[in-house]
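Among the features that TrEMBL reports, domain 'Peptidase S24/S26A/S26B/S26C' is placed at 24-107. Taken from TrEMBL, the feature transmembrane segment covers 6-25.
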Amino acid sequence: LYYQVLNFAMIVSSALMIWKGLIVITGSESPIVVVLSGSMEPAFHRGDLLFLTNFHDDPIRAGEIVVFKVEGRDIPIVHRVIKIHEKENGNIKFLTKGDNNEVDDRGLYIEGQNWLEKKDVVGRARGFLPYVGMVTIIMNDYPKFKLALLAVMGAYVLLKRES
């Protein structure tokens, strides 16, 4: 039993080390995200898994897909940069919009905010795997499924015998 518990702890700690390593390599606080809505269709669909980087030396360009956080919202948003506003001192502000949305994102920003800044960016989309994130969406939509899946995985690790 101790061996199985130790094995389970090693799996969890290995996953955590890989995640933290990805954070360091990509420069993004969240190097992998799941698209949760259809606002970016046809570029990305609900359930697509995005791989992000966030190198601060890279300038943000119009047409680029960014993942950003807005004050007061817990879940990051995946949308395209449609306008760039660069000041003389080098500060850059930008406006975003979902490809499948009729209007820009000013309605999503906090009241009085018309532009996003680099500090709002979680990462920039560099690649994706289609529909791989549907498991995450199902687990969030159906919490009992998530508990059942965790119970099955935990039981497998604890009850598995080494041969």
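Count begins at 1; order follows the chain as displayed.
Each Cβ is built from the backbone N, Cα and C atoms, and glycine gets one as well.
Note on the transmembrane segment (6-25): residues 31-32, 154, 157-158, 160 of its chain, located 6 or more positions outside it, place their CB under 8 angstroms from a CB of the stretch. Sorting each residue of the domain 'Peptidase S24/S26A/S26B/S26C' (24-107) by its DSSP state yields 6 helix, 28 strand, 50 coil. For the domain 'Peptidase S24/S26A/S26B/S26C' (24-107), the mean pLDDT of the prediction comes to 93.
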